[in-house]
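Remarks on the structure that follows.
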Ligand code: RP5
């Protein structure tokens, strides 16, 4: 069985952000694939990827892009597989451009939009894992353990250093 999660991004330059999603899935023991699929530079690749998602058994797509970030929305227009969008932080507009591009989808074609940047990418990994965990008891347990460990790592009082 192939990967159930696809991590796609508009450019190689997005990988520094999107690898946070991949690292989270590595930590949780979830298989994924990664692809560069640009809405503007490789529109045919985007179309082919979108058309093949259901047949290939993908269950969640994590899509990251920056600037005029049309990739998540265009992917959502091409497949019913849930799309989680990650706004990549940009230099010119700090990623607000990416956020608005991904967030403001028209009724009928949703994209679950995360926070801007690496935290958003990490949360996309967690969100995707949470969706798969609905039907995977082993993953559900690993996710519960991960969450409990994070909570346990937070001190009750602040220190000076
Ligand atoms: C977008 O343009 C990509 O998602 C990337 O965030 C941004 C810049 O791409 P590069 O010029 O670094 O390839 O399509």
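If you go along the chain as it appears here, the first residue is 1 and each next one adds 1.
Just so it is clear, glycine is given a Cβ too, placed from its N, Cα and C backbone atoms.
Unlike curated records, TrEMBL annotations are generated automatically.
The domain 'PurE' feature in TrEMBL is assigned to 3-154.
Secondary structure from DSSP puts residue 14 (substrate binding site) in a helix. Look at TrEMBL and you will find 11, 14, 41 tagged as substrate binding site.
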Checklist outcome for this item: Across the domain 'PurE' (3-154), the model's average pLDDT, rounded to a whole number, is 98
Next on the checklist: Checking proximity to ligand 1 here: which binding-site residues out of 11, 14, 41 have their Cβ closer than 6 Å to it?
Outcome noted: 11, 14
Item to check | Maximal Cα-Cα distance (Å) across residues annotated as binding substrate, namely 11, 14, 41 | outcome: 14
Checklist entry - Just counting, how many other CB atoms are there within 10 A of the CB of residue 11 (substrate binding site)? => result 18
